[in-house]
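Enquirer: The structure follows.
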Amino acid sequence: MKKIRVGVIFGGRSGEHEVSVISARSVIDAIDKTKYDVTPIFINKKGQWLLGAQPKSVKGKGAEYVYLPPDPTARKLIPVKGGKALPKKFDVVFPVLHGTYGEDGTVQGLLDLAGIPYVGAGVTASAVGMDKVVMKSIFESMGLPVTRHAVFTRKKIKEANREVIAEIEEKLSYPVFTKPANLGSSVGITKAHNRKELTKGLNLACEYDRKVIVEQGVENAREIEVSVLGNDDPKASVCGEVVPSKEFYDYEDKYILGRAKLIIPAPLPKNISDKIRKLALRAFKAIDCAGMARADFLLEKATNKIFIDEVNTIPGFTSISMYPKLWEASGICYRELIDCLINLAFERYNEKGHIKTEFPSKLLKK
């Protein structure tokens, strides 16, 4: 039986570059080599694509620089001028990219132009899922519960800092969270308890994006996560709970200290877990997601009030990541999960094939 040719894209021009590399290692180690011919495709921090660089050693020694032409008749990586590698064709691509220039619809758009099926959300859902401001606006319009928040541009923060802080203190109450609008893995996020910490948090968030969102903190919040799998008829996993070792689940706690506890399934009353799982599916559909996503929630301890925080369209696939762990607890092992995602990629691609791209017109004959 002929193997399916899978390209695994990882790295990228993002603050989450290293997380992507670790995720790719896990995917490549777990994928069924009897079914798939796997080729790692590394994007370095300059945005250059390299063929032959392995995620276990990404220095690129011996790797070839390549590019993907937006040509659906080619569907292959081409060596840059002077390269020795032969053009490499793929049946499907698995983008294991986190953050900007990878998870935000840019690579998805290129793959669409190149006519290559790919795992995960399309251009629109990827872009919306990356932008916390747009995403929350859509959630609000669909009646999903979100925390109170305020949005500012870097320009406004730098030029009218006092007015920005005054507006935040009028609309929200401490503690608040300052976040870059377009980033994940808790990069650039700060919890502020006072004006001094707020100023510092705003400045940090501005280093990572031109747009900053400030969110109301939830009193004694529990952090609940749900994995979603599917296209038009998605399924939700059991709920999981993250118990941070610090005040909140930041980048250091996630990937460096490793002290946070992941409780699967989350100890929740059935009516609460069912409600959260239904909200996860509603959020997935609200942004027209496909393939996979992880929906993150805040649960107020005193009232059991639920807030959806965000939907992550390319969730982490590391050994400690909640997405695969939740599916394992729901009866789908890591290797089987990869199979499902690749099948869903082909399903969505074939569905797109029924869309007309031509319209009979005599306009150019005039």
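Glycine too: its Cβ is placed from the backbone N, Cα and C atoms.
TrEMBL feature annotations, pasted as is:
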| type | residues | note |
| --- | --- | --- |
| ACT_SITE | Glu16 | active site |
| DOMAIN | 136-343 | domain 'ATP-grasp' |
| ACT_SITE | Ser185 | active site |
| BINDING | Asp296, Glu310 | Mg(2+) 1 binding site |
| BINDING | Glu310, Asn312 | Mg(2+) 2 binding site |
| ACT_SITE | Ser321 | active site |
Enquirer: For Glu16 (active site), what is the tally of other C-beta atoms lying within 10 angstroms of its C-beta?
Expert: 25
Enquirer: Around Asp296 (Mg(2+) 1 binding site), how many other C-beta atoms are within 10 angstroms of its C-beta?
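Expert: For Asp296 (Mg(2+) 1 binding site), the 10 Å Cβ neighbour count is 20.
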Enquirer: Near Asp296 (Mg(2+) 1 binding site), which of the recorded positions Glu16, Asn312, Ser321 can be found within 10 Å, Cα to Cα?
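Expert: So the list reads Asn312.
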Enquirer: Using CB atoms and a 10 A radius, I'd like the single residue among the recorded positions Asn312, Ser321 with the highest neighbour count.
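Expert: By the 10 Å Cβ neighbour count, Asn312 comes out on top.
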Enquirer: Where Ser321 (active site) and Asn312 (Mg(2+) 2 binding site) are concerned, what is their Cα separation in Å, rounded?
Expert: 12
Enquirer: Which value does the mean pLDDT take for the domain 'ATP-grasp' (136-343) in this predicted structure?
Expert: 92
Enquirer: Whole-number answer please: how many Å between the C-alpha atoms of Glu310 (Mg(2+) 1 binding site) and Glu16 (active site)?
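Expert: Here the two Cα atoms are 17 Å apart.
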Enquirer: Quick check for the class: what is the C-alpha distance, in angstrom and rounded, between Glu16 (active site) and Asn312 (Mg(2+) 2 binding site)?
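Expert: Computed Cα spacing between Glu16 (active site) and Asn312 (Mg(2+) 2 binding site) is 13 Å.
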Enquirer: Need the DSSP three-state call for Ser321 (active site) to compare against my parser.
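Expert: DSSP assigns Ser321 (active site) to coil.
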Enquirer: Take the Cβ of Glu310 (Mg(2+) 1 binding site) and count every other Cβ within 10 Å, whichever protein chain it belongs to.
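Expert: Around the Cβ of Glu310 (Mg(2+) 1 binding site), 20 other Cβ atoms lie within 10 Å.
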Enquirer: Would you mind pulling the DSSP three-state label for Glu16 (active site)?
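Expert: The three-state answer is coil.
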